Amino acid sequence: MAPVPPGIRLLVSFDRDQWYRALTFILTFLLYTSFHLSRKPISIVKSELHKNCSSVSDLVTMASGSGSGSGSGSQQPSLPSLQADMDCSWKPFDKGNYKQLLGAMDYSFLCAYAIGMYLSGIIGERLPIRLYLTVGMLTSGLFTCMFGLGYIYNIHNLGFYIFVQVANGLVQTTGWPSVVTCIGNWFGKGRRGLIMGLWNSHTSVGNILGSLIAGYWVSSNWGLSFIVPGLIIAAMGVVCFLFLIERECYLLPVLWIIDNQYYDTELLLPKDTMCVPVQPVVVVKSESKPSAISFMGALRIPGVIEFSLCLLFAKLVSYTFLFWLPLYITKAAHLDAKKAGDLSTLFDVGGIVGGIFAGVISDKLGKRATTCAFMLLLAAPTLYGFSMISQFGIGPTIGMLLVCGGLVNGPYSLITTAVSADLGTHKSLKGNAKALSTVTAIIDGTGSVDFFGGTIPALSWLFWIIVVHDI
């Protein structure tokens, strides 16, 4: 008999539950990667929405100066013809207040996301996670595509883009509480920091992929920078509906009867095609089924309020980089939209390493709060240094982006994953598993109430924000 190949031997060494844990880990990773992938295009497209206005303004100024200094016999193109030949930026972002208008779109998304998150956790505890997440991803894909259709159908109404951002912010709240609850149901507290640190790299991976996809079309057809990510998240919604397993107990075998005999068959991955007689099983319904926790009940869990306020400032910094970093690089380093978007991915590369590092250290020390505080203290002078060093060229900017990404996203990752899962299964709940989604939503929703995140165009201001956070 031929020996069993070592690869097959390795595969069969894992039991069924381990395979389903791996499936849940990978699937929820990909699902939330698509969420962040669909959020990133707006930051890439910003520099394109106003890019041509500055060029036209400079060209018009040069033409006016040369026209006044030339003789009357020289032929100079008129200013209207210059503006007709060159497309200014996308209206209504072609005016001097374009930063305020772009900030208003971010502000709309964040406000809707923050408000919706508080409701989403409560709703998510009472509905099947698989269906709830599927609907959220399909509708998020729809609204992301709608933003891109504004380019296809030449829509210049600010209200349209604000509406799409608000609607998308609301439906995107279905994602985070659902995937954290699902991963928390499958993985216990052992090495939770490391597992969550690896798993939460989906945030940075999604940002990187979103930057690359949006950057590919940003200069030629920025509508596709939204439509393609929208189609991706909608497709992942279908995958979620087909394959997501919410919790381990959903894999219990099913009993069925033929000729008054009880037989056992499994819903998933049956070991063979034989029906084996088993003893009948009587299921007794518990008299007091654990009910979903209330909003105020979740707030009374020790640590929820403290970590929610901590995330309020940590996420403000992270999301300001998310929305404004490509535009900042464009202005500071004088790069085009695609190159600035590609360079901004280094911040997320550093974030992957920072999230894993924070998880490992917090597991070793058993002190999540201390790990967060230490990294945020280091982040304060580093961010201030970034605002100074980024003026000296690409090389220093690359190094600072990697370091800043690790120090900023490390605590952010730890609070939104391992800390949220710890608090959602706190001993004060006495085994009630109906709190994880609500606790996660409260912490992440509070972190999203950064009313300044859509209106900070100067990253150097972040130093003072972090100083306030540290105090």
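Glycine is treated like the rest: Cβ placed from N, Cα and C.
Sequence annotations record features per position, and here TrEMBL assigns domain 'Major facilitator superfamily (MFS) profile' to 27-471.
TrEMBL lists 19-37 (among others) with the feature transmembrane segment.
The transmembrane segment annotation in TrEMBL covers 101-123 (among others).
Positions annotated as transmembrane segment by TrEMBL: 129-153 (among others).
The annotation transmembrane segment is assigned in TrEMBL to 198-218 (among others). Listed as Cβ neighbours of the transmembrane segment (198-218) (distance under 8 Å, sequence separation of 6 or more from its ends, same chain) are residues 25, 28-30, 32-41, 43-45, 48, 183, 224-226, 228-229, 322, 326, 337-338, 341-342, 344-345, 348-349, 351-352, 355-356, 359, 405, 409, 413, 416-417.
The annotation transmembrane segment is assigned in TrEMBL to 224-245 (among others).
TrEMBL lists 304-325 (among others) with the feature transmembrane segment.
The transmembrane segment feature in TrEMBL is assigned to 345-362 (among others).
Residues or ranges marked as transmembrane segment by TrEMBL: 374-394 (among others).
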Stretch among 19-37, 101-123, 224-245, 345-362 sharing the most Cβ pairs under 8 Å with the transmembrane segment (129-153): 224-245
Selected stretch (most C-beta pairs under 8 A with the transmembrane segment (19-37)) from 101-123, 224-245, 345-362: 224-245
Contacting positions for the transmembrane segment (224-245) when only residues 6+ beyond its ends and CB under 8 Å are counted: 20, 23-24, 27-28, 30-31, 34-35, 37-38, 40-41, 44-45, 129-131, 133-138, 140-149, 152, 182, 210, 213-218, 251, 268
Outside the transmembrane segment (345-362), six or more residues from its ends: residues with CB under 8 Å to it: 192-198, 200-201, 203-205, 207-208, 211-212, 321, 325, 368, 371-372, 375, 398, 401-414, 417-418
Integer average pLDDT (0 to 100) for the domain 'Major facilitator superfamily (MFS) profile' (27-471): 76
